[in-house]
Amino acid sequence: MTKSRLVMGPILFHWDEQRKHDFYAQVADEADIDIVHVGEVVCAKRMPFFDKHLPDVIERLQRAGKEVVLSTLALVMNGRESDQIKEITQMPDLLVEANDISAAGLLAGKPHVIGPYINIYNESTLSYFEDQGAKRISLPWELPMTSIARLCETRKSAEIEIQIFGRMPLAISARCYSARARGLHKDGCRYVCGDHIDGMDVATLDNAPFLAVNGLQTMSSHYVELSDSIEDLQNAGVNAFRLSPHSLDMTCVAQLYRQLLDRQISADELRQNLKNMSLPMAFSDGFLHGMAGAELRNTLGQGAE
Amino acid sequence: MELVCPAGTPASLHAAVDAGADVVYCGFRDATNARNFPGLNFSRDELRDAVRYAHKHDVHVYLACNTYPQAGIEYIWQAAIDDAVAIGVDAVILADIGLLRYARDRHPDARLHLSVQASASNEEAIKFYHREFAVRRVVLPRVLSLEEIRYLNHRIPVETEVFAFGGMCVMAEGRCSLSSYATGESPNMNGVCSPAAHVHYEERDDMTVSRLGDFTINIYDQNEKVGYPTLCKGRFRAMNKSGYLFEEPTSLDVTAILPELAEAGVTALKIEGRQRGKAYISQVVSAFRASLDRISQGQLTTRSSLSTLSEGQSDTTGAYRRSWQ
Amino acid sequence: MSESHPSFTPFLLISPFVRNAPRALVQKICNHAMATMHTRHKAVFERVTERETFALLIAPTDLDMMFYLKIDPDQPELRPVCHPSEEPVAARISGPLPALLELLQGKSDGDALFFSRTLRIEGRTDLVVALRNALDGEEIDLRTAVSNSFGVASPAARVMLRFAETLYGQVQHDMDRSAHALTASLERRLGGLDKRTTAQAEAMSRIENSLQRNSRRAKPAQTTSPKDDFAFNDHT
């Protein structure tokens with residue numbers, strides 16, 4: 001079995017420039033991470049803020065020995081966004097992750113990454129993208145273990161990736177719900193999505209945590225946490241494991257998962273450590289087990305209780 | 001513009017044909033289509049009879065095979081395409097890339113349409129499906145504005161079909177796991193959204209509580225108009241406020257902007273609602289037939305009279321007007 | 001919920017007679033209706049029970065009587081019910097009888113009746129949806145069924161039936177008007193009251209919200225009345 005690679009997914013939230021800078025500096029200097037994704041996935045309106053810093057950030061990460069991938073928009077809706085995608089996919093010497101079919105089509109013929117926003121549910125589709133030159137394919141969040149195993153079995157050469165930590169993107173819309181919650185329209189949004197660095201909590205009328213809004217994106221309130229199934233995933237043939245950035249110490253999170261992948265700590269220990277971190281999180285792994293995505297099969301990390 | 005109408009049963013198909021549909025679309029009775037509801041859809045024999053009836057009246061039939069095949073059992077979806085082509089449907093509506101490739105290779109003469117579930121929302125994506133799989137028409141996602149549609153139609157080599165009436169997906173179609181997050185069943189994998197088997201109504205004080213899986217998705221009083229117990233049309237709390245965060249219970253109705261859609265180069269209008277009864281089909285199809293006929297005779301606008309059939313008994317032109325965003 | 005609000009339909013007028021009708025007679029009518037339905041539309045029963053057989057409670061809101069309906073492809077059953085809470089049913093459908101009959105014949109859209117709150121469902125929604133779908137797939141014509149049931153499909157019977165329908169329509173029209181006159185002013189006053197309650201509940205929920213945050217799967221807390229704080233005016 002080849003070494004499992006750890007991937008830092010793109011920052012999905014609208015963090016300010018300083019926070020992003022600090023984050024990538026820390027990832028470059030301290031984190032035991034193999035691959036780092038940069039770039040805006042959720043909203044084109046956020047792009048001007050950090051795009052100008054990207055060349056420096058990319059260079060710094062590469063100098064630190066990381067494989068850097070530029071992630072692209074998940075929902076491409078107009079001519080301007082289409083043109084941006086075209087421009088990005090024509091950049092030489094840069095690995096790009098397609099999160100919309102437009103990018104996937106433009107990247108055909110050269111090595112690229114297929115992101116989790118592209119619908120890959122079965123062998124034929126996986127095989128199609130491999131034929132187009134995808135070298136790593138990050139599978140959608142709602143796939144159950146049975147499908148993941150089957151896809152691993154039939155793939156030819158691409159790396160298969162699964163997100164193992166972080167809130168799961170569940171939907172994307174033309175409408176901005178961060179703005180709507182403040183009584184604003186998207187065109188005059190005042191970038192209020194930036195107020196919630198891990199997403200805006202959405203609860204049911206009974207006050208049960210349910211979802212998290214991140215601009216155009218609606219995410220799970222629960223954090224997916226697959227430590228309990230890491231061995232099964234590795235055995236099935238999954239070779240890349242994605243962490244989705246949040247406001248807690250991601251270097252520490254990365255180190256925990258690195259140790260878990262290398263069998264140095266148990267899933268129990270990892271979960272206990274996550275629980276002791278600064279961010280209150282509820283976990284779930286239902287999708288993997290073919291249940292409702294919000295479900296958690298086993299309660300780990302209860303210590304000696 | 002061509003009027004494309006839904007049918008969940010043979011009776012509905014007859015109703016649609018009789019009410020003036022140009023095309024009726026339907027699905028097989030299994031997980032291969034996005035309205036996999038109990039008691040709904042067509043057997044092979046029923047589809048054969050339906051196609052015969054429709055063709056006799058110069059009406060076309062499209063088969064929706066627009067869920068994403070599960071790994072290991074793709075043959076079920078492939079068989080659906082094979083059978084539909086053999087029966088003689090006029091187009092097959094697909095979303096999955098593996099399936100599109102299969103259909104293109106196996107049935108090079110079949111007319112392929114791209115389902116809204118593929119969420120092709122831009123020029124490059126649509127060109128991709130045309131180039132790779134010779135897709136002839138794309139059903140546009142309900143996230144695009146009128147201006148965006150007009151722009152696209154000038155730049156793509158395929159026909160466009162847009163939603164004209166019925167349920168509103170506020171999220172990009174085919175890219176939404178909200179339903180499976182709460183229930184384990186999703187539009188992409190199971191052909192259902194917020195399925196009835198996971199919906200429970202509960203009386204609490206003087207209110208009705210609707211729950212989806214473990215989650216309360218709405219609470220309303222005796223007289224309030226409601227919609228489907230769909231997750232994205234529920235009431236939630238955020239920022240110390242509560243209400244319809246994503247969308248109010250409402251349905252799409254483009255009657256008021258039909259001339260603009262025609263002018264924007266749209267080929268076909270799609271009516272949503274394979275899960276609705278034949279009374280709905282008759283009423284909506286006749287109303288749109290009449291509106292289209294009036295417009296083709298030069299009348300510039302028409303008014304809709306269909307709001308009683310809508311969720312929450314209210315209508316919206318949705319994303320077609322940019323202010324919706 | 002439905003018990004306290006009878007529907008203003010002409011059936012309400014005959015409700016006292018129905019309540020006092022001999023059970024045996026009602027049962028006889030039920031048996032006959034079921035047998036007719038079963039012979040004429042066996043497909044409905046087969047379609048619905050593909051996954052399971054089940055029973056429903058039908059509660060016409062304009063009739064002082066409820067019915068137990070068992071959907072079984074071989075032995076369907078329809079009977080009046082005295083103690084509804086004791087019946088093992090999968091779901092309960094309530095609504096005015098005319099709406100239920102129109103639904104049965106596919107003349108009105110079940111979803112629209114549901115959106116307007118004319119029709120209410122408790123319990124297994126999926127089974128009710130399955131039944132609705134199966135019924136809608138059939139061409140059910142009550143008029144023919146009823147006139148055939150009177151032995152001869154005689155023109156006289158049909159004339160009588162049409163007369164009854166016309167009369168029914170007129171009575172319904174009159175009842176709608178008087179119901180409106182009775183309730184309109186009351187509704188106006190309640191509307192004002194409602195606004196004040198909502199404002200108070202809103203203040204309450206703000207306090208409540210600042211007190212309790214982030215309990216995973218919180219127990220059904222106190223129900224505050226629903227509000228629409230996010231509402232934009234995107235409707236026409």
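Using the three backbone atoms N, Cα and C, a Cβ is placed for every residue, glycine included.
Automatic prediction, not curation, is the source of TrEMBL annotations.
Marked as [4Fe-4S] cluster binding site by TrEMBL: B:Cys169, B:Cys176, B:Cys193, B:Cys232. The feature region 'Disordered' is assigned by TrEMBL to B:303-325.
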> Mind pulling out which binding-site residues among B:Cys169, B:Cys176, B:Cys193 sit under 8 Å from chain A, Cβ to Cβ?
Replying inline: B:Cys176
> Under a three-state reduction of DSSP output, how is B:Cys232 ([4Fe-4S] cluster binding site) classified: helix, strand, or coil?
Replying inline: helix
> Around B:Cys176 ([4Fe-4S] cluster binding site), how many other C-beta atoms are within 10 angstroms of its C-beta?
Replying inline: 26
> Given the binding-site residues B:Cys169, B:Cys193, B:Cys232, which one is most crowded in terms of C-beta atoms within 10 angstroms?
Replying inline: B:Cys169
>> Could you give me three numbers for the region 'Disordered' (B:303-325), the DSSP helix, strand and coil residue counts?
In response: 12 helix, 2 strand, 9 coil
